[in-house]
Amino acid sequence: MMLFCGQQERNERLFYKLLIDNVEELLPIVYTPVVGEACQKYGSIFKRPQGLYISLKEKGKILEVLKNWPERSIQVIVVTDGERILGLGDLGCQGMGIPVGKLALYSALGGVRPSACLPITIDVGTNNEKLLNDEFYIGLRQKRATGKEYYDLLHEFMSAVKQNYGEKVLVQFEDFANHNAFELLAKYGTTHLVFNDDIQGTASVVLAGVVAALKLIGGTLPEHTFLFLGAGEAGTGIAELIALEMSKQTKAPIEESRKKIWLVDSKGLIVSSRVNSLQHFKKPWAHEHEPVSTLIEAVKVIKPTVLIGSSGVGKTFTKEVVEAMTANNKIPLILALSNPTSQSECTAEEAYQWSEGRAIFASGSPFDPVEYKGKVYYSGQANNAYIFPGFGLGLVMSGAIRVHDDMLLAASEALAKQVTEENYKKGLTYPPFSDIRKISANIAANVAAKAYELGLATHLPRPQDLVKYAESCMYSPLYRNYR
Ligand SMILES: O=C([O-])CC(=O)C(=O)O
Ligand SMILES: [Mg+2]
């Protein structure tokens, strides 16, 4: 693992060649689950910085710090503050592994030039006591700054980014805690080209998987009933995008569509009697219902056809939960999205065993095929890695200046279309990652088409064939032929 990842710094072209040619095998190393472990151990395996750290100490000087980065023409920034790394919690500035890993995928899967990618970690401290007491911790040894101090630093950062790189640089927010993620997205969504991967990327990939799964489980999207465990960024982001797509199909107001979607958080089912004590992003999901305190009870009374885990807490889809889903549905659709593997709501093996081979299952981190009663079951990887590289490429190649929800729907639609009959026969609701460059080109083209349609694209005139254009923009790790 170290040897391969070390290649990124020693011989970048070889690293990308290996990664692209062996993507299914190497993705779990550069990305979830191994990247999670790398973040946990970042302090002791640290050799040299792979990205840019901006700490509270740099307040007032962020523009200068950005100018220190050796590359000038940046197209994509992935930034974290390390407060909610995957389902592993606050890892402080050791979270740098995430922007580095995500951007490696931008280049390998989406073809954005490595030199145009900038990983950034904003260090405002950490509340992780273990790290604060760890002699190898590489960040500020203080509790997290909050409130005005935090928001002032982020504002200076966002302003410096625009000043230094202009309006067309994409800023992808990654693994911020709920209490900041929604606010940052809302605040900068109108002034910058920003995208929150955990809210929007996850939403787009899950919608694609659900739409594709309809071929296997039957019915139309608005006919299904959804139950989420987890009402944070991923849960509410996915729920909202599904409701938006339902409303486009039925022409009913979004408030109506939301009623088909239920969320459970740590205090039980989100219902109207809880509305006053709910965080603002949960309020739209507080439907009329009597209180229900556990997931299993919720599965029994709501009778969802689709169960989605997005709470970051592992082993929460118990045998009882999967059995209740199977009792209510001929083919239950079960998505265990939390990462890394240790936080998965259940394993693929458990999903197939406990549903007696009836479930269609996908998960955020990969699982190998499972043999159950002589048959092999394949599960897809419902991970935003399918979306963000192509989505970002679509924004960059069209010179988009803002992200719009319809672009997320466009990305979903393009991904769902890439699932083949052969994939469906295996029970897969996502195409294999081995085709990801082609998939990303199609996603990019559909996203760019939407940017042009909405008048948000600045790369004019619009290229005729957007798929061909996307392909022509993609970085390939080839050596030039000098003759
Ligand atoms: O990084 C991943 O594998 C997916 C993701 O965004 C998360 O879990 O926060
Ligand atoms: Mg994330």
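Numbers run from 1 along the shown chain.
Each residue, glycine too, has its Cβ placed from N, Cα and C.
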Note: TrEMBL has Glu174, Asp175 binding divalent metal cation, and from Asp134, Asp198 that site also includes Asp198
Check TrEMBL for me: it has Arg84, Asn383 binding (S)-malate, so pick out which one of Asn127, Asn128, Asn339, Asn423 it puts in that same site. Asn339
Would you list, in sequence order, the recorded positions among Tyr31, Lys102, Glu174 whose CA lies within 10 Å of the CA of Arg84 ((S)-malate binding site)? Glu174
Which binding-site residues out of Arg84, Asp175, Asp198, Asn339, Asn383 lie by ligand 1, going by a Cβ under 6 Å? Asp175, Asp198, Asn339, Asn383
Can you count the other CB atoms that lie within 10 A of the CB of Asn383 ((S)-malate binding site)? 26
Looking only at Arg84, Asn339, Asn383, which the record lists for (S)-malate, tell me the maximum pairwise CA distance in angstrom. 17
Are any of the recorded positions Tyr31, Lys102, Asn339 near ligand 2, with a Cβ under 6 Å from it, and if so which? none
Lys102 (active site, proton acceptor) CB neighbourhood, other CB atoms within 10 A: 27
Taking the centroid of the Cβ atoms of Glu174, Asp175, Asp198 (divalent metal cation site), which other same-chain residues have Cβ within 8 Å of it? Thr80, Arg84, Ile85, Ile98, Phe173, Phe176, Ala181, Asn196, Asp197, Glu233
Taking Glu174, Asp175, Asp198 as the binding-site residues to compare, which has the smallest set of other Cβ atoms within 10 Å? Asp198
